[in-house]
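**Q** Here it is, the structure, as structure tokens.
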Number of protein chains: 2
Amino acid sequence: MTMTPEEINRTVSQLLDQAPGRSTRARESVLNILLSAPTALNHHNIEEVAKQRDLSIDRVTLYRTLDWLVEQGVAHRIASVNRSWYFSAVAQPDMEPHAHFHCKKCQQIYCLEDVQAAPMHNLPKEYQLEEADLCLQGQCVTCNRDANG
Amino acid sequence: MTMTPEEINRTVSQLLDQAPGRSTRARESVLNILLSAPTALNHHNIEEVAKQRDLSIDRVTLYRTLDWLVEQGVAHRIASVNRSWYFSAVAQPDMEPHAHFHCKKCQQIYCLEDVQAAPMHNLPKEYQLEEADLCLQGQCVTCNRDANG
DNA sequence: TGTAAAGTGCAACTATGTTACAGTTTATCC
DNA sequence: GGATAAACTGTAACATAGTTGCACTTTACA
């Protein structure tokens, strides 16, 4: 997921061209920000990055833009323990469902694309399962390294 | 988890006596409500049940009471997709961590005490894991039965 | 039964997300 | 290239979930 700025720009254009809506400044900026981030971001995080880049995105527009990106399958929405939604870009449309890791120290949320929720054996069969999210918590690579010197 | 009202009262007293705080009307009522419920409840649900029972519990007191019950290990707190916390009673102190099922139709959250998050193989070992929550979504037993006649 | 600490109630506040509606921009057609 | 309708954006006002500060009340216990 480490892309050069040019690769990010190219991916943004590709993804937006494929989607059935208009390509606007807000959508480009937000998707660019998501693709550039190593972790999932919430609204607040995205607003901050936008501010750093001297982009001003209206709060409501940001909400709507993120909804739209999720609808288009270009971003995915992650529920978190701190009652806000987190978002991460979906660069390839065939991305598998995967686990998320919430670091209790730095509060970042990582997508662990290689870790999936295991199939369940003893779920009573009267429950009709549609989604299974595996939400891990603990300390992330970076914080762990910082702590252990 | 189906207890008679007398059993519930007895359990409430036992659990509160064991805890290092005071036994108050709010704590008794809330714990009673949680023990009586077949699913996990959020603040709003609890307020409604309390109202039905002609108990009036202040909003803030309810928040604090629930925090306290969780601290004491008498209730557990479940993050949900609709940005509110859900709570369920922990009748036995040695209850295992278990999966939760959120019904997309009736919005209830069920504790599936027999379903656990499977141990993970491919979590990079630099991540220090402390908790693993398995959050299932779909249609619950009741809604499924209603739909299939 | 008096007292200190623990718990409660109220008001005001913060954070996150939503709705309505008028104004602006985009894609498209001529 | 310019006009047009639909799509998108910005503002204000609102809704919901949860928190904080502080005065008041209740509990446990000597």
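Just so it is clear, glycine is given a Cβ too, placed from its N, Cα and C backbone atoms.
Since we're looking at a predicted model, the values are computed, not measured.
In case it's useful when we look at the structure, here is the feature table from TrEMBL:
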- A:C103, A:C106, A:C140, A:C143: Zn(2+) binding site (BINDING)
**Q** Measure the Cβ-based neighbour count of A:C140 (Zn(2+) binding site), defined as the other Cβ atoms within 10 Å of its Cβ.
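**A** Counting Cβ neighbours of A:C140 (Zn(2+) binding site) within 10 Å gives 23.
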**Q** When a 10 Å sphere is centred on the Cβ of A:C103 (Zn(2+) binding site), how many other Cβ atoms does it contain?
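**A** Around the Cβ of A:C103 (Zn(2+) binding site), 21 other Cβ atoms lie within 10 Å.
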**Q** Between the binding-site residues A:C106, A:C143, whose Cβ has more other Cβ atoms within 10 Å than any of the rest?
**A** A:C143
**Q** In the same chain, outside A:C103, A:C106, A:C140, A:C143, whose C-beta lies within 8 angstroms of the Cβ mean position for the Zn(2+) site?
**A** A:K104, A:K105, A:Q107, A:Q108, A:Q139, A:V141, A:T142, A:N144
**Q** May I ask you to report the DSSP-based helix, strand or coil state of A:C143 (Zn(2+) binding site)?
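**A** In three-state terms, A:C143 (Zn(2+) binding site) counts as helix.
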**Q** Check the DSSP secondary structure of A:C103 (Zn(2+) binding site), expressed as helix, strand or coil.
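**A** In the DSSP reduction, A:C103 (Zn(2+) binding site) maps to strand.
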